[in-house]
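Undergrad: My questions all concern the structure below.
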Amino acid sequence: MRPARALIDLQALRHNYRLARELSGARALAVIKADAYGHGALRCAEALAGLADGYAVACIEEALELRNAGISAPILLLEGFFDSSELALIDQHRLWCVVHAPWQLAIIEQARLQQPLNVWLKLDSGMHRVGLHAAEYAAAYRRLKACGQVGEVVLMSHLARADELDCSRTEEQLALFNQARSGLPGAISLCNSPAILGWPQLPSDWVRPGIMLYGATPFAGAQPQAAQLRPVMTLESRIISVRELPAGEPVGYGARFVCPRATRIGVVAMGYADGYPRHAPDGTPIRVDGQPARLAGRVSMDMLCVDISDLPQAGLGSRVELWGGAVAASEVAQLSGSIPYQLFCNLKRVPRVYCGV
Ligand SMILES: *Cc1c(COP(=O)(O)O)cnc(C)c1O
(Lines of atoms letter the chains of each structure in order from A and count residues from 1; the text may use other names and numbers.)
(Lines give C-alpha, C1' and ligand atoms only; values in the text may rest on other atoms or scores of the structure.)
Protein backbone atom coordinates (compact mmCIF):
# COMPACT_ATOMS: atom_id res chain seq x y z
CA MET A 1 0.00 0.00 0.00
CA ARG A 2 1.16 3.48 -0.80
CA PRO A 3 2.41 4.94 2.50
CA ALA A 4 1.02 8.48 2.09
CA ARG A 5 -1.64 9.33 4.67
CA ALA A 6 -3.09 12.09 6.80
CA LEU A 7 -3.23 11.32 10.51
CA ILE A 8 -6.03 13.25 12.20
CA ASP A 9 -5.72 13.71 15.97
CA LEU A 10 -9.25 14.20 17.30
CA GLN A 11 -8.02 14.88 20.82
CA ALA A 12 -6.08 17.87 19.50
CA LEU A 13 -9.28 19.01 17.76
CA ARG A 14 -11.15 18.93 21.06
CA HIS A 15 -8.30 20.77 22.81
CA ASN A 16 -8.43 23.53 20.19
CA TYR A 17 -12.21 23.80 20.44
CA ARG A 18 -11.98 24.18 24.23
CA LEU A 19 -9.32 26.84 23.76
CA ALA A 20 -11.67 28.82 21.48
CA ARG A 21 -14.34 28.74 24.14
CA GLU A 22 -11.97 29.66 26.97
CA LEU A 23 -10.35 32.55 25.13
CA SER A 24 -13.66 34.03 24.02
CA GLY A 25 -15.83 33.17 27.02
CA ALA A 26 -18.56 32.66 24.44
CA ARG A 27 -20.47 29.79 22.89
CA ALA A 28 -18.70 28.47 19.81
CA LEU A 29 -19.93 27.09 16.51
CA ALA A 30 -17.27 24.72 15.19
CA VAL A 31 -16.79 25.70 11.56
CA ILE A 32 -16.61 22.42 9.66
CA LYS A 33 -17.39 23.64 6.14
CA ALA A 34 -15.44 22.22 3.18
CA ASP A 35 -15.29 18.79 4.84
CA ALA A 36 -13.85 20.35 7.99
CA TYR A 37 -11.07 22.05 6.03
CA GLY A 38 -10.09 18.65 4.63
CA HIS A 39 -10.16 16.88 8.02
CA GLY A 40 -13.48 15.06 7.47
CA ALA A 41 -16.64 16.88 8.57
CA LEU A 42 -18.52 13.91 9.96
CA ARG A 43 -15.63 12.51 11.97
CA CYS A 44 -14.83 15.97 13.33
CA ALA A 45 -18.47 16.62 14.22
CA GLU A 46 -18.68 13.28 16.01
CA ALA A 47 -15.45 13.99 17.88
CA LEU A 48 -16.94 17.27 19.13
CA ALA A 49 -20.37 15.83 19.96
CA GLY A 50 -21.44 16.72 23.47
CA LEU A 51 -18.77 19.41 23.58
CA ALA A 52 -19.55 21.78 20.71
CA ASP A 53 -22.47 24.20 21.00
CA GLY A 54 -23.11 23.69 17.30
CA TYR A 55 -21.53 23.58 13.87
CA ALA A 56 -21.27 25.89 10.88
CA VAL A 57 -21.15 24.83 7.22
CA ALA A 58 -21.27 26.58 3.87
CA CYS A 59 -24.39 25.06 2.35
CA ILE A 60 -27.32 22.75 2.86
CA GLU A 61 -25.59 19.83 1.16
CA GLU A 62 -22.92 19.92 3.85
CA ALA A 63 -25.55 20.24 6.60
CA LEU A 64 -27.63 17.31 5.33
CA GLU A 65 -24.59 15.04 5.29
CA LEU A 66 -24.33 15.67 9.03
CA ARG A 67 -28.05 15.41 9.76
CA ASN A 68 -28.34 12.19 7.74
CA ALA A 69 -25.54 10.72 9.85
CA GLY A 70 -27.46 11.50 13.02
CA ILE A 71 -25.86 14.78 14.12
CA SER A 72 -28.67 16.60 15.93
CA ALA A 73 -26.85 19.65 17.33
CA PRO A 74 -27.47 23.10 15.81
CA ILE A 75 -25.98 23.63 12.35
CA LEU A 76 -25.66 27.12 10.88
CA LEU A 77 -25.67 27.67 7.11
CA LEU A 78 -23.08 30.43 6.71
CA GLU A 79 -24.54 31.71 3.44
CA GLY A 80 -28.14 30.83 4.22
CA PHE A 81 -30.16 29.47 1.31
CA PHE A 82 -29.27 29.95 -2.34
CA ASP A 83 -32.89 29.69 -3.54
CA SER A 84 -36.36 29.40 -2.03
CA SER A 85 -36.58 25.64 -2.49
CA GLU A 86 -34.01 25.11 0.27
CA LEU A 87 -36.15 26.74 2.93
CA ALA A 88 -38.47 23.73 3.42
CA LEU A 89 -35.43 21.52 4.03
CA ILE A 90 -33.96 24.07 6.44
CA ASP A 91 -37.27 23.97 8.32
CA GLN A 92 -37.54 20.19 8.23
CA HIS A 93 -33.98 19.64 9.48
CA ARG A 94 -34.02 22.50 12.03
CA LEU A 95 -31.02 24.26 10.49
CA TRP A 96 -29.97 27.74 11.47
CA CYS A 97 -29.75 30.22 8.66
CA VAL A 98 -27.69 33.30 7.84
CA VAL A 99 -29.69 36.01 6.11
CA HIS A 100 -27.41 38.33 4.17
CA ALA A 101 -29.60 39.89 1.47
CA PRO A 102 -33.05 41.47 1.02
CA TRP A 103 -34.18 38.78 -1.42
CA GLN A 104 -33.74 36.20 1.34
CA LEU A 105 -35.92 38.27 3.66
CA ALA A 106 -38.70 38.33 1.10
CA ILE A 107 -38.61 34.54 0.72
CA ILE A 108 -38.82 34.04 4.49
CA GLU A 109 -41.76 36.41 4.73
CA GLN A 110 -43.66 34.41 2.12
CA ALA A 111 -42.84 31.00 3.61
CA ARG A 112 -45.11 28.93 5.80
CA LEU A 113 -42.68 27.21 8.14
CA GLN A 114 -43.45 24.45 10.64
CA GLN A 115 -41.31 26.04 13.34
CA PRO A 116 -39.71 29.40 14.04
CA LEU A 117 -36.55 29.89 12.00
CA ASN A 118 -33.29 30.73 13.84
CA VAL A 119 -31.74 33.56 11.81
CA TRP A 120 -28.24 35.03 11.91
CA LEU A 121 -28.71 38.46 10.35
CA LYS A 122 -25.49 39.43 8.64
CA LEU A 123 -24.25 42.99 8.36
CA ASP A 124 -21.70 44.04 5.75
CA SER A 125 -19.43 45.98 8.11
CA GLY A 126 -16.59 46.32 5.61
CA MET A 127 -15.71 42.96 4.08
CA HIS A 128 -17.94 43.86 1.12
CA ARG A 129 -18.84 40.40 -0.05
CA VAL A 130 -22.25 39.66 1.44
CA GLY A 131 -24.37 41.18 4.20
CA LEU A 132 -26.93 43.91 4.56
CA HIS A 133 -25.90 47.57 4.41
CA ALA A 134 -25.85 49.38 7.74
CA ALA A 135 -28.72 51.62 6.62
CA GLU A 136 -31.06 48.68 5.92
CA TYR A 137 -30.03 46.50 8.88
CA ALA A 138 -32.51 47.62 11.55
CA ALA A 139 -35.43 47.52 9.13
CA ALA A 140 -34.47 43.99 8.08
CA TYR A 141 -34.35 42.97 11.74
CA ARG A 142 -37.84 44.35 12.32
CA ARG A 143 -39.24 42.65 9.22
CA LEU A 144 -37.91 39.31 10.47
CA LYS A 145 -39.35 39.85 13.92
CA ALA A 146 -42.72 40.87 12.47
CA CYS A 147 -43.21 38.14 9.88
CA GLY A 148 -44.22 35.39 12.27
CA GLN A 149 -41.76 32.88 10.79
CA VAL A 150 -38.68 33.72 12.85
CA GLY A 151 -37.61 32.92 16.40
CA GLU A 152 -34.22 34.08 17.62
CA VAL A 153 -32.25 36.60 15.57
CA VAL A 154 -28.48 36.63 16.13
CA LEU A 155 -26.68 39.80 14.99
CA MET A 156 -23.57 38.91 13.05
CA SER A 157 -20.82 40.26 10.85
CA HIS A 158 -17.50 38.99 9.50
CA LEU A 159 -14.04 40.52 9.86
CA ALA A 160 -11.76 41.03 6.87
CA ARG A 161 -8.42 41.79 8.53
CA ALA A 162 -8.43 40.31 12.04
CA ASP A 163 -5.24 38.41 11.17
CA GLU A 164 -3.43 41.77 10.99
CA LEU A 165 -2.98 42.63 14.64
CA ASP A 166 -1.83 46.20 14.08
CA CYS A 167 -4.56 47.13 11.60
CA SER A 168 -7.36 49.53 12.54
CA ARG A 169 -9.86 47.97 10.13
CA THR A 170 -11.17 45.52 12.77
CA GLU A 171 -12.06 48.39 15.11
CA GLU A 172 -13.73 50.25 12.25
CA GLN A 173 -15.80 47.18 11.46
CA LEU A 174 -16.75 46.84 15.14
CA ALA A 175 -17.82 50.49 15.29
CA LEU A 176 -20.05 50.12 12.23
CA PHE A 177 -21.51 46.90 13.61
CA ASN A 178 -22.31 48.56 16.95
CA GLN A 179 -23.88 51.51 15.19
CA ALA A 180 -26.03 49.35 12.90
CA ARG A 181 -27.28 47.15 15.73
CA SER A 182 -27.87 49.89 18.31
CA GLY A 183 -31.21 49.36 20.01
CA LEU A 184 -31.65 45.86 18.56
CA PRO A 185 -31.75 43.09 21.16
CA GLY A 186 -30.05 39.83 20.32
CA ALA A 187 -26.91 37.80 20.76
CA ILE A 188 -23.92 38.95 18.69
CA SER A 189 -21.29 37.10 16.68
CA LEU A 190 -18.25 38.62 15.02
CA CYS A 191 -15.23 36.48 15.71
CA ASN A 192 -13.44 34.03 13.43
CA SER A 193 -10.18 32.35 14.52
CA PRO A 194 -7.85 35.35 14.25
CA ALA A 195 -10.33 37.46 16.21
CA ILE A 196 -10.71 34.83 18.95
CA LEU A 197 -6.94 34.52 19.27
CA GLY A 198 -5.84 38.08 18.74
CA TRP A 199 -8.73 40.43 19.56
CA PRO A 200 -9.97 39.47 23.06
CA GLN A 201 -11.57 42.90 23.46
CA LEU A 202 -14.23 42.21 20.81
CA PRO A 203 -17.68 41.49 22.24
CA SER A 204 -19.08 37.99 21.60
CA ASP A 205 -21.98 35.81 22.56
CA TRP A 206 -21.10 33.36 19.80
CA VAL A 207 -17.74 32.80 18.12
CA ARG A 208 -17.06 30.92 14.89
CA PRO A 209 -13.65 29.21 15.05
CA GLY A 210 -12.48 27.48 11.88
CA ILE A 211 -8.77 27.21 11.16
CA MET A 212 -7.79 27.30 14.83
CA LEU A 213 -9.79 24.11 15.47
CA TYR A 214 -7.38 22.37 13.15
CA GLY A 215 -4.41 23.76 15.03
CA ALA A 216 -3.00 26.10 12.38
CA THR A 217 -2.31 29.74 13.07
CA PRO A 218 -4.07 32.35 10.97
CA PHE A 219 -1.25 34.83 11.66
CA ALA A 220 1.85 35.39 9.55
CA GLY A 221 4.10 35.58 12.63
CA ALA A 222 4.31 34.12 16.13
CA GLN A 223 1.38 34.93 18.43
CA PRO A 224 1.06 33.78 22.08
CA GLN A 225 -2.50 32.46 21.97
CA ALA A 226 -1.92 30.68 18.66
CA ALA A 227 1.09 28.99 20.28
CA GLN A 228 -1.38 27.08 22.49
CA LEU A 229 -2.97 25.36 19.48
CA ARG A 230 -2.22 21.72 18.77
CA PRO A 231 -1.90 20.62 15.14
CA VAL A 232 -4.61 18.13 14.20
CA MET A 233 -3.34 16.87 10.85
CA THR A 234 -0.02 15.16 10.25
CA LEU A 235 0.61 14.62 6.56
CA GLU A 236 3.10 11.80 6.28
CA SER A 237 4.61 9.25 3.94
CA ARG A 238 7.81 7.27 3.46
CA ILE A 239 10.98 7.28 1.36
CA ILE A 240 10.48 4.84 -1.51
CA SER A 241 13.81 5.32 -3.35
CA VAL A 242 17.29 6.71 -2.62
CA ARG A 243 19.77 8.27 -5.06
CA GLU A 244 23.44 9.10 -4.40
CA LEU A 245 24.33 11.87 -6.80
CA PRO A 246 27.59 13.73 -7.49
CA ALA A 247 27.77 17.52 -7.39
CA GLY A 248 26.26 19.13 -10.47
CA GLU A 249 23.56 16.51 -11.11
CA PRO A 250 19.97 17.84 -11.42
CA VAL A 251 16.99 16.37 -9.57
CA GLY A 252 13.41 16.25 -10.87
CA TYR A 253 11.50 18.13 -13.57
CA GLY A 254 13.16 21.15 -15.07
CA ALA A 255 16.35 20.60 -13.06
CA ARG A 256 15.27 23.21 -10.56
CA PHE A 257 17.53 21.63 -7.95
CA VAL A 258 21.14 20.94 -8.89
CA CYS A 259 23.25 19.08 -6.33
CA PRO A 260 25.68 21.62 -4.81
CA ARG A 261 27.86 18.74 -3.51
CA ALA A 262 27.68 14.96 -3.41
CA THR A 263 24.06 14.55 -2.32
CA ARG A 264 21.79 11.80 -1.03
CA ILE A 265 18.27 12.23 -2.27
CA GLY A 266 15.25 10.47 -0.76
CA VAL A 267 12.22 10.10 -3.00
CA VAL A 268 8.97 10.46 -1.04
CA ALA A 269 5.56 9.07 -2.03
CA MET A 270 3.79 12.43 -1.86
CA GLY A 271 2.94 14.87 -4.61
CA TYR A 272 0.67 17.68 -5.67
CA ALA A 273 -2.07 15.17 -6.49
CA ASP A 274 -2.19 14.53 -2.73
CA GLY A 275 -2.45 18.23 -2.00
CA TYR A 276 1.18 19.01 -1.23
CA PRO A 277 1.73 22.46 -2.78
CA ARG A 278 3.46 22.32 -6.16
CA HIS A 279 4.91 25.77 -5.55
CA ALA A 280 6.90 24.70 -2.49
CA PRO A 281 10.45 26.00 -3.09
CA ASP A 282 13.72 24.15 -2.63
CA GLY A 283 14.56 24.20 1.07
CA THR A 284 10.99 23.83 2.35
CA PRO A 285 11.32 21.98 5.68
CA ILE A 286 10.46 18.27 5.77
CA ARG A 287 11.07 15.87 8.69
CA VAL A 288 12.69 12.53 7.97
CA ASP A 289 12.64 10.10 10.91
CA GLY A 290 12.06 13.12 13.11
CA GLN A 291 15.15 14.96 11.79
CA PRO A 292 15.11 18.22 9.84
CA ALA A 293 15.66 17.95 6.07
CA ARG A 294 14.78 20.02 3.01
CA LEU A 295 12.79 19.72 -0.20
CA ALA A 296 14.96 19.38 -3.30
CA GLY A 297 13.51 20.00 -6.74
CA ARG A 298 10.04 20.50 -8.14
CA VAL A 299 7.17 18.68 -6.51
CA SER A 300 5.69 16.25 -9.02
CA MET A 301 2.26 14.65 -9.11
CA ASP A 302 2.99 11.57 -7.02
CA MET A 303 6.50 12.14 -5.66
CA LEU A 304 8.81 14.72 -4.23
CA CYS A 305 12.48 14.65 -3.30
CA VAL A 306 14.20 15.48 -0.05
CA ASP A 307 17.90 16.12 0.58
CA ILE A 308 19.01 13.61 3.23
CA SER A 309 22.76 14.13 2.83
CA ASP A 310 23.08 15.07 6.51
CA LEU A 311 20.99 12.12 7.73
CA PRO A 312 23.11 9.01 7.23
CA GLN A 313 20.60 6.89 9.20
CA ALA A 314 17.76 7.83 6.87
CA GLY A 315 17.00 5.73 3.83
CA LEU A 316 14.48 3.45 2.22
CA GLY A 317 11.34 3.25 4.36
CA SER A 318 12.16 6.28 6.52
CA ARG A 319 9.09 8.03 7.84
CA VAL A 320 8.54 11.50 6.40
CA GLU A 321 6.42 14.30 7.87
CA LEU A 322 5.35 16.95 5.35
CA TRP A 323 3.46 18.91 7.99
CA GLY A 324 2.15 18.28 11.49
CA GLY A 325 3.73 18.59 14.91
CA ALA A 326 7.29 19.20 13.71
CA VAL A 327 6.71 21.16 10.48
CA ALA A 328 3.94 23.77 10.75
CA ALA A 329 1.46 23.67 7.88
CA SER A 330 1.42 27.47 8.04
CA GLU A 331 5.17 27.56 7.35
CA VAL A 332 4.88 25.28 4.33
CA ALA A 333 1.95 27.41 3.18
CA GLN A 334 3.81 30.68 3.59
CA LEU A 335 6.84 29.40 1.68
CA SER A 336 4.53 28.22 -1.10
CA GLY A 337 2.59 31.48 -1.43
CA SER A 338 -0.49 29.94 0.16
CA ILE A 339 -2.28 29.70 3.50
CA PRO A 340 -2.86 26.65 5.72
CA TYR A 341 -6.59 26.85 4.94
CA GLN A 342 -5.87 26.09 1.29
CA LEU A 343 -3.30 23.38 2.00
CA PHE A 344 -5.79 21.52 4.18
CA CYS A 345 -8.69 21.96 1.75
CA ASN A 346 -6.53 20.72 -1.12
CA LEU A 347 -5.89 17.40 0.59
CA LYS A 348 -6.96 14.53 -1.65
CA ARG A 349 -6.18 10.93 -2.51
CA VAL A 350 -4.40 10.28 0.80
CA PRO A 351 -6.42 8.18 3.23
CA ARG A 352 -7.28 9.87 6.52
CA VAL A 353 -6.43 7.87 9.60
CA TYR A 354 -8.06 8.99 12.84
CA CYS A 355 -6.61 8.78 16.33
CA GLY A 356 -7.50 10.21 19.73
CA VAL A 357 -11.11 9.09 19.25
C1 LIG B 1 -15.21 30.20 7.31
C2 LIG B 1 -15.86 31.18 8.23
C3 LIG B 1 -15.41 31.31 9.55
C4 LIG B 1 -14.19 30.60 10.09
O5 LIG B 1 -13.05 31.34 9.76
P6 LIG B 1 -11.58 30.93 10.32
O7 LIG B 1 -10.70 32.03 9.86
O8 LIG B 1 -11.25 29.63 9.67
O9 LIG B 1 -11.72 30.82 11.77
C10 LIG B 1 -16.11 32.16 10.39
N11 LIG B 1 -17.17 32.87 9.95
C12 LIG B 1 -17.61 32.79 8.68
C13 LIG B 1 -18.76 33.61 8.23
C14 LIG B 1 -16.95 31.96 7.78
O15 LIG B 1 -17.38 31.91 6.51
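Every residue, even glycine, has its Cβ placed from backbone N, Cα and C.
What you are looking at is a predicted structure, and each value in this text was computed from that prediction instead of being measured.
So TrEMBL has the following annotated:
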- Lys33: active site, proton acceptor (ACT_SITE)
- Tyr253: active site, proton acceptor (ACT_SITE)
- Arg129, Met301: substrate binding site (BINDING)
- 232-355: domain 'Alanine racemase C-terminal' (DOMAIN)
- Lys33: N6-(pyridoxal phosphate)lysine (MOD_RES)
Undergrad: Given a separation of at least six residues and a C-beta threshold under 8 Å, show me what packs close to Lys33 (active site, proton acceptor) in the same chain.
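TA: Looking at Cβ-Cβ distances below 8 Å from Lys33 (active site, proton acceptor), excluding near sequence neighbours, one finds Ala41, Ala56, Val57, Ala58, Glu62, Leu78, Gly210.
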Undergrad: Which ones in the same chain are close to Met301 (substrate binding site), with CB under 8 Å and 6+ residues apart in sequence?
TA: Gly271, Tyr272, Ala273
Undergrad: Neighbour count, 10 Å Cβ-Cβ cut-off, for Arg129 (substrate binding site): what number do you get?
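TA: For Arg129 (substrate binding site), the 10 Å Cβ neighbour count is 10.
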Undergrad: When a 10 Å sphere is centred on the Cβ of Tyr253 (active site, proton acceptor), how many other Cβ atoms does it contain?
TA: 11
Undergrad: For the domain 'Alanine racemase C-terminal' (232-355), what's the model's average pLDDT?
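TA: Mean model confidence (pLDDT) across the domain 'Alanine racemase C-terminal' (232-355) is 98.
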